[in-house]
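Below you'll find the structure, written out as structure tokens, and then a few comments.
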Amino acid sequence: MGDMNMNQSVTSDFLLVGLFSHSGSPQLLFSLVATMFIMGLLSNTVLLFLICMDSRLHTPMYFMLSQLSLFDVGFPLVTIPKMASEFLQEESSISFGGCAAQIFFLTMMGVAEGILLALMSYDRYVAVCYPLQYPVLMRHQVCLLMVGCSWLAGVLNASIQTSITLHFSYCASRIVDHFFCEVPALLKLSCTDTSAYELALSVSGVLILVLPLSLIATSYCHVLGAVLRMRSEEARNKAFTTCSSHITVVGLFYGAAVFMYMVPGAYHSPQQDNVASLFYSLVTPMLNPLIYSLRNQEVRMALVKVLSRAGVRPK
């Protein structure tokens, strides 16, 4: 019987019933999602291009921002095109392999981005509190090691979560009340007792979400203290602008992730899950380059330089 259930799990498709089915105006919501997807893809691609092309942006902060943009390109690409094709073709099935791929890549990028945001807060802490030691403490080799660790943690965590989640038997309804395959949504369909794994997810949530968030809070407490002691109003305003934009990004990303992975499923509905997932899979990837980089003077100057080379004279 167990083998039969496992075979059914491997050979049967899942049916994704998510975002648009819960909307009173699915066409309007689809247009909004498509617009946000295109805006996010273009702005992150432009930012990646500028960081690669302009030597003035070859700094630790912009190197980490380039990695953030990679995640912000990847998140929507894994979820939105599939969701759009389902809506247009009125076909909501996804294969077992496709579901596994979505879980792996989304978990990998989610974990890596959470750690990266913590590392970026450390970068700002060193830049503001120890400006003279910054070139040594944040030299290129250190940045490569930090970013490499975030990617490695993402790959390891995604490999474990994907293999465990898809090892369960899904012999009941195969209708996933979500717009993509995500661990909490799939666990609700399993006919196997998943309580021990759900507890393990909550514990891992402490390590993956709470610890980096604590590091971010500690870093910015020190940064705030250093900023308030600055005599120059211009330097104070610049530091506040940079740090406030980072805090905004952190709040959006971690708020949605904590809601999905640390609040027990009994306390939120599938509709709320869809909204929370939409935040870290589409909304924050669209907002990150706008909040974080494209309004910075260095990035604007790099954009003007590229446009000038192309024969465009920005006003």
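Numbering starts at 1 and runs along the chain as displayed.
Heads up, the Cβ atoms here are built off N, Cα and C, so glycines get one too.
What TrEMBL annotates here:
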{"type": "TRANSMEM", "residues": "28-50", "note": "transmembrane segment"}
{"type": "DOMAIN", "residues": "43-292", "note": "domain 'G-protein coupled receptors family 1 profile'"}
{"type": "TRANSMEM", "residues": "62-80", "note": "transmembrane segment"}
{"type": "TRANSMEM", "residues": "100-122", "note": "transmembrane segment"}
{"type": "TRANSMEM", "residues": "142-160", "note": "transmembrane segment"}
{"type": "TRANSMEM", "residues": "206-228", "note": "transmembrane segment"}
{"type": "TRANSMEM", "residues": "240-263", "note": "transmembrane segment"}
{"type": "TRANSMEM", "residues": "275-294", "note": "transmembrane segment"}
Remark   = Spatial neighbours of the transmembrane segment (100-122) not adjacent in sequence (6+ beyond its ends, CB under 8 Å) are 61, 64-65, 67-68, 71, 74-75, 78-79, 82, 94, 146-147, 149-151, 153-155, 157-159, 161-162, 165-166, 180-183, 186, 208-209, 212-213, 215-216, 219-220, 246, 249-250, 253-254, 257, 280-281
In contact by Cβ distance (the transmembrane segment (62-80), the transmembrane segment (275-294); 3 or more pairs under 8 Å) = yes
Ask   = For the domain 'G-protein coupled receptors family 1 profile' (43-292), what's the model's average pLDDT?
value = 86
Request  = Could you give the residue numbers and ranges of same-chain residues that sit at least 6 residues beyond the transmembrane segment (142-160) on either side and whose C-beta is under 8 angstroms from one of its C-beta atoms?
outcome  = 60, 63-64, 67, 103-105, 107-113, 115-116, 119, 204, 208
Key: Among the ranges 28-50, 62-80, 240-263, the one whose Cβ pairs under 8 Å to the transmembrane segment (206-228) are most numerous   = 240-263
Note = Beyond a gap of at least 6 residues from its ends, the CB atoms lying under 8 Å from the transmembrane segment (62-80) belong to 33-34, 37, 40-41, 44-45, 47-48, 51-52, 101-102, 105-106, 109-110, 112-113, 116-117, 119-120, 123, 140, 143, 146-147, 150, 179-180, 280-282, 284-286, 288-289, 292-293, 298
Ask   = Near the transmembrane segment (28-50), which same-chain residues lie under 8 Å Cβ to Cβ, leaving out any that are not at least 6 residues past its ends?
value = 19-20, 57, 65-66, 69-70, 72-73, 76-77, 80, 83-84, 87, 282-283, 285-286, 288-290, 293-294, 299, 302-303, 306
